Amino acid sequence: MAGEKKYVSQEELKEHNKPGDLWISIQGKVYDVTDWAKQHPGGDIPILNLSGQDATDAFIAFHPGTVWKHLDQFFSGHYLKDYEVSDVSKDYRRLASEFSKLGLFDKKEHTVIYALCFVVLMFAASIWGILGSNCFWVHMGSGALLGFAWIQVAYLGHDSGHYNMMTTRGFNKMAQILAGNCLTGISIAWWKWTHNAHHIACNSLDYDPDLQHLPMFAVSSNLFHSMTSRFYDRKLTFDPIARFMVSYQHFTFYPVMCVARVNLFLQTFLLLFSKRRVPDRALNILGILVFWTWFPLLISCLPNWTERVFFVLASFSVTSIQHVQFCLNHFAANVYVGPPKGNDWFEKQTSGTLDISCPTWMDWFHGGLQFQLEHHLFPRLPRCNLRKISHLVRDLCKKHNLPYRSLSFFEANVTTIKTLRAAAMQARDLLWEAVNTHG
């Protein structure tokens with residue numbers, strides 16, 4: 001009969017979840033996004049991870065209302081049979097709709113301007129301290145200031161990656177390259193690649209790159225089985241070296257965080273000079289070249305190699321505060337194995353995140369990431385609005401008996417170290433078993 005709707009079952013939809021055959025369902029309509037995955041501004045990872053299932057909640061989280069009109073070009077002509085929406089998803093979508101009507105996704109206030117001014121002042125003070133003084137301690141203070149500036153720049157880069165913090169998309173891209181590549185030496189392309197995957201597969205041991213830190217760290221004994229990373233497409237080998245390092249990870253956690261920036265530099269180079277398709281590769285490489293021009297030149301202005309080494313250590317050590325916070329938000333939360341599922345989007349975000357409680361005057365220090373759950377549920381929401389909605393998210397979690405965990409910075413550190421220690425003790429048992437077995 002003409003005009004009769006064609007339906008596919010959940011099982012039939014699941015079959016379309018491989019590269020070259022990617023279907024997703026959004027609000028009961030099925031879309032063929034096979035070709036679009038290669039052009040998707042957020043990369044192909046989110047589509048690959050959510051293909052073969054309903055992805056409505058994730059789509060709402062990451063896309064403004066203006067994007068919906070473009071969906072029709074991908075419509076497969078099929079509808080999802082027995083499409084149902086859970087009570088949690090209904091409330092989540094209602095909340096997202098209310099925020100949109102209130103204009104909260106567009107109201108950025110003056111956060112960007114304040115942050116930019118703060119960054120400029122810290123960079124200027126750091127440079128003045130190096131060029132205008134011969135005092136060792138002033139130079140070390142300048143290194144620390146540079147580290148704090150990098151932290152604030154990273155927050156701006158994070159903001160620009162989730163929503164247009166500038167007036168146009170062109171200016172926003174310029175801000176991303178400036179904040180990420182030119183000022184910090186960390187590619188915005190690398191950040192988008194890993195960060196989008198992290199948001200989609202929050203705390204999945206094999207799909208979330210933010211939990212894949214072997215041989216240095218393992219937050220769960222599940223990682224002891226040398227599972228395959230679906231993100232990096234390689235085995236996370238738990239060999240004797242990893243077993244030894246993980247056995248003492250609760251002691252090495254903070255020292256490693258002090259030099260964690262080196263790993264970000266390495267990851268940037270590995271991506272930009274890989275065979276993988278990288279959006280704006282040339283622009284990203286140019287931005288990295290800018291950083292590796294001004295930063296060595298600045299260090300060369302110090303009087304001797306001793307001060308140069310200590311200056312770098314001081315700046316890197318300060319940025320460890322931010323690296324630690326990233327870990328606090330997720331290391332002590334619940335983990336799982338397997339791909340993300342679109343029908344429990346809200347539940348997975350509440351399970352895999354941890355908020356950091358702090359007074360309002362400390363919001364600048366955490367860059368909005370202290371409201372980690374709120375950010376994961378509404379990643380397009382400017383950080384200045386996260387505190388405003390936190391009570392609504394808390395109420396929604398309470399209504400559906402879902403966890404809403406908020407700890408002080410100190411408590412979150414303690415909980416994270418306990419998590420690392422628990423895994424370390426299990427690894428240590430394996431270590432001594434191997435020693436006793438093989439002599």
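Cβ atoms here come from the backbone N, Cα and C positions, even for glycine.
Just so it is clear, the model here is predicted, and its values are computed rather than measured.
Per TrEMBL, the feature domain 'Cytochrome b5 heme-binding' maps to 5-89.
Taken from TrEMBL, the feature transmembrane segment covers 111-130 (among others).
Taken from TrEMBL, the feature transmembrane segment covers 136-156 (among others).
The transmembrane segment feature in TrEMBL is assigned to 177-193 (among others).
Summarising the annotation, TrEMBL assigns transmembrane segment to 253-273 (among others). Here the transmembrane segment (253-273) has long-range neighbours at 185-187, 189-190, 193-194, 216-217, 281, 284-285, 288, 313, 316-317, 319-320, 323-324, 327, 416-417, 420, meaning same-chain residues at least 6 beyond its ends whose C-beta is under 8 angstroms from one of its own.
The transmembrane segment annotation in TrEMBL covers 285-305 (among others). Sequence-distant contacts of the transmembrane segment (285-305), counting only residues of its own chain at least 6 positions beyond either end whose CB sits under 8 Å from a CB of the stretch, comprise 127, 130-131, 134, 139, 177-178, 180-185, 187-188, 268-269, 272, 311-312.
Residues 42-43, 45, 123, 149-150, 153-154, 156-158, 160-161, 264-265, 267-268, 271-272, 278-281, 283-284, 286-288, 290-292, 295 of the same chain lie 6+ residues outside the transmembrane segment (177-193) yet bring a C-beta within less than 8 angstroms of a C-beta in it. Counting residues per DSSP class in helix, strand and coil order gives 34 helix, 22 strand, 29 coil for the domain 'Cytochrome b5 heme-binding' (5-89).
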